[in-house]
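A.B. asks: Straight from TrEMBL, here's the annotation block:
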type: ACT_SITE; residues: 414; note: active site, 4-aspartylphosphate intermediate
type: BINDING; residues: 414, 416, 849, 853; note: Mg(2+) binding site
type: BINDING; residues: 414, 415, 416, 512, 554, 605, 636, 716, 717, 718, 822, 828, 852, 853; note: ATP binding site
type: DOMAIN; residues: 42-96; note: domain 'P-type ATPase N-terminal'
type: DOMAIN; residues: 129-274; note: domain 'P-type ATPase A'
type: DOMAIN; residues: 875-1127; note: domain 'P-type ATPase C-terminal'
type: TRANSMEM; residues: 295-318; note: transmembrane segment
type: TRANSMEM; residues: 349-368; note: transmembrane segment
type: TRANSMEM; residues: 939-959; note: transmembrane segment
type: TRANSMEM; residues: 989-1011; note: transmembrane segment
type: TRANSMEM; residues: 1023-1045; note: transmembrane segment
type: TRANSMEM; residues: 1057-1081; note: transmembrane segment
type: TRANSMEM; residues: 1087-1112; note: transmembrane segment
């Protein structure tokens, strides 16, 4: 049967189901192209409905249940519950079904409520009003009804309803200003451009007459990339094609500012917008604690199966003799007696599995989730991590990794904006070998000492003056800085000076602002970009105009940017040209450095490594020497060069650029090739130096991380000398640190193989001579991006040269700090991945502030974003976000320490109390003929983990402070006590398990031997098996609760309330459960049992005695360990009692209560 017709119908009428192509065609205003043009192929796109919800009314129950039962623990208890329903088991199905139902219900309610909130948010967004141009009129509709191709009108301060291509705006130059705070956190105004062919449209009627199509790429999540072109049809002429890029695309979620209105066409709608694509869930990260929990769960599952097998085998061994068949009161039907022995054995095995299944703590997962969710608020509420300047505190984007903050071994940090302030201050510029040093200018503010210009060699003569002026013009023109006359942010006006509006500069790059402001102090002021002309006020207070023809944008691969400008034919100086001037000038210099009206000039600025290879003339050696000197002092340097273009060269450059910009496929690669062809044969003009000051307490933070046993790596794109100076200033390197260099310069002198082996021998020889551990060696490694690529490249030279990766890792293990300079963003992620995959499998943390750090943040076990000046891309993609680098100290040394201590105790305690709970049941089978008789009542089996013992450990895992916060910050070495998952290692796990077994043996045999053949009540009645089980359960509940009380170091009124309240609740429940005849029970075997037990004096004595004996070994062990071999944490506890309270605790009332310290 042919199903092709059915497939075609489904593809045609199901939204989004279409044959995948690399590009899409958008018909503006839904108008068909004119006859003779391309074929009209209507395409179906999704509507503009945003769906962030996970469930619907109809699929919530099945979908939620499916997701919950994908968890192994939930599925296991479901199987146990079904077994109890199918076969005759010793316990009621309620004992497994009720806890499982509780866990599933609580989780479903939580997820359902969260999804209901998402539904409400979706409805408010999808139903907001939108203005659309239809037949020359503006029609108001709802957002979800927008379609691809609709022409939309957006007014000032409105949010864009979908991804739009700008057609025209109310501004005469066709530009509009936009803030993208909700997308990337950048609050500055960004400029977007309409294409020249449509920018003149002013009315709805003019826009409606537009006949054009847009070809663009299919939706993809990169906010900063867009490839497309617009074909405009005019009468019967050939269509005019114009390139479209990211500067033309207005993203959904951004807001229109300082522009009355715009006209734009929808290209991506609904779930295909870049905002929606960016909010898809990231890959799940799992913590080391979660992995340990799963391993422990497997061990306990094996123990459970072993118990069931042992009891099944012993039962049939005991019943092998005919006179030892099942007891007379366990009558079996004839049908049961005649079943095959294998079937009977398997049924008994399942029955024993049900009886012992409580050793697997079903409620542990819910408790852990609640602990992580509630505990994550401690970071958000921490007032010490709140930044007044930003007006924001720390943010938690995922709570699944809280405890991982206490296990970090490697910290990978960016430099600019992370260790430094990213607040640039212009220091100097070197022009033709001469140095110019103005007074300090910092982001638009002239510091107090700056009253005049102080320059070295400030009176150049001859051609040098023209050389100098050309350099200043280059910096005034080669940038993407915007000039704002006035800006209102949250009702506060910026740019107002003495009641009059003044201009100020804004840019996505602080370097550019610092350079333009520096030129302003040196006499050249960038005024504005108006009608595509850049205007400069020169030293003579005359305005010079340059037509901006092309901008070759900066990227991290080229590490440079360029502009092509044309000098204006208007009056630009007192002479015919720009400083043709001086009779003493030679003809050559006059030609090289004077600028005539109509000249085409290519100005370029960038890193020295990308400029010097492209320079053909200029004082390269003098400038290079100054650049190196500035880099050693920790300054950020840029080189400036230019090239004069002839008419033919300019036309050729335009051809290359237009050809690349119109390409829909591989546009970025083609643009890179075009830039490479154009940016060559430069004349070097000079270099600049700006200072990026170290952040407050950055050095103290790095020093504390070192003391805590962490290895800190700095990954930066800066040159080696600049980065090394920052590393010394931040105490990453000390003056006594022996620096090992693995750089391109050194590998050019020696082979990479020889350098690696020489460095390896150096560190190993020093290690053997000193006899110290690796952590004590003070080596620092510097590696650059080029050498790293060679190290990571698969070896092509045969096995004799060995594995470079392993040698490199061995060197790094012996270094206390590593600096990686000249790194591309992808290389940062490769470094993190390399360390993660090493044989030690260390826990890694990556921290950065810019988009170039996102890859390493996503790669690391824990990613932290800085809310910096390079936008919020890093903060949005991170697991945690902090305002400043200094806050990392408290996040790791305090919050991370507490989180790990708390959750480690929670996990071990859960397994311990369940061993104490179920092991007496295992021992009881030896005394009841392996008849699967329960030791505890059904109510006790059901409520043990849900009610009697759940709240104390939950509260402990939220507020416990084994040492004070001040002590943790003052003594970072305490972090080493919990390193490498030390509290969840197998020896510790075995100790807790053995302690649980010991306590269970004490409970069972203590009660057995104390009450053997003894009467207790006044009428001579002996205790029965339910009284025996209740006595053991009472001792059990009190022992495990008091064990937690002994482990508690930080006492508040809420601790007392929960711990003693849980014990009181157990007693009251038992009195009510056994003291009232409940009508809904068919039989009541616990009636009067608890009261009868408490009426006996020996029972009271036995309870106290057994609790004391059970707790005594753990107390003795702790006392001996503290006396004989105390850890650093235990010494800190003994020297300084814990008296502080976590300011961000969820239980704020606890601050006023009395406190105890054990």
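Just so you know, glycine gets a Cβ as well, placed from its N, Cα and C.
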A.B. asks: Residue list, the transmembrane segment (939-959) vs rest of chain: Cβ under 8 Å, 6 or more residues beyond ends.
C.D. replies: 91, 94-95, 98-99, 102, 358, 361-363, 367, 370-371, 374-375, 902-903, 905-906, 909-910, 913-914, 917, 1030, 1033, 1037, 1040-1041, 1044-1045, 1047-1048, 1050, 1052, 1054-1055, 1058-1059, 1061-1062, 1065-1066, 1069, 1073, 1086, 1142, 1145-1147, 1150
A.B. asks: How many neighbouring Cβ atoms, not counting its own, are there within 10 Å of the Cβ of residue 636 (ATP binding site)?
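C.D. replies: So the Cβ neighbour count for residue 636 (ATP binding site) comes to 24.
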A.B. asks: Run the contact check on the transmembrane segment (1023-1045) against the transmembrane segment (1087-1112): 3 or more C-beta pairs under 8 Å, excluding pairs closer than 6 in sequence.
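C.D. replies: Yes; at least 3 Cβ pairs under 8 Å.
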A.B. asks: For the transmembrane segment (349-368), name the stretch out of 295-318, 1057-1081, 1087-1112 with the most CB-CB pairs under 8 Å.
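C.D. replies: Between the stretches 295-318, 1057-1081, 1087-1112, 295-318 has the largest tally.
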A.B. asks: Among the binding-site residues listed here (416, 852), identify the one with the smallest other-Cβ count within 10 Å.
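C.D. replies: Taking 416, 852 as the binding-site residues, the minimal 10 Å Cβ count falls on 852.
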A.B. asks: If I take every residue in the domain 'P-type ATPase C-terminal' (875-1127) and average their pLDDT values, what number comes out?
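C.D. replies: The answer is 86, the mean pLDDT of the model over that range.
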A.B. asks: Judged by the number of other CB atoms within 10 angstroms, which among 554, 717 is the least packed of the binding-site residues?
C.D. replies: 554
A.B. asks: Would you mind sorting out which of 414, 636, 822 (the recorded positions) have a C-alpha within 10 A of the one on residue 849 (Mg(2+) binding site)?
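C.D. replies: Near residue 849 (Mg(2+) binding site) by Cα: 414.
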A.B. asks: Could you state the CA-to-CA distance between residue 636 (ATP binding site) and residue 853 (Mg(2+) binding site) to the nearest Å?
C.D. replies: 19
A.B. asks: Looking at the recorded positions 414, 853, which sits with the largest number of other Cβ atoms within 10 Å of its Cβ?
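C.D. replies: Checking each of 414, 853, the winner is 853.
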A.B. asks: Hey, how far is residue 853 (Mg(2+) binding site) from residue 822 (ATP binding site), Cα to Cα, in Å?
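C.D. replies: Pair distance, Cα basis, whole Å: 14 Å.
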A.B. asks: Would you pick out, from the binding-site residues 822, 849, the residue whose Cβ has the largest number of other Cβ atoms within 10 Å?
C.D. replies: 849
A.B. asks: Want to know which binding-site residues, from 554, 717, 822, 852, are within 10 Å of residue 416 (Mg(2+) binding site) at Cα; which are they?
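C.D. replies: So far as Cα distances go, the binding-site residues lying within 10 Å of residue 416 (Mg(2+) binding site) are 717.
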A.B. asks: Quick one: Cα separation, residue 822 (ATP binding site) versus the residue listed as 'active site, 4-aspartylphosphate intermediate', in Å?
C.D. replies: 12
A.B. asks: To the nearest whole angstrom, what is the C-alpha distance linking residue 852 (ATP binding site) and residue 414 (active site, 4-aspartylphosphate intermediate)?
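C.D. replies: For residue 852 (ATP binding site) versus residue 414 (active site, 4-aspartylphosphate intermediate), the Cα atoms are 9 Å apart.
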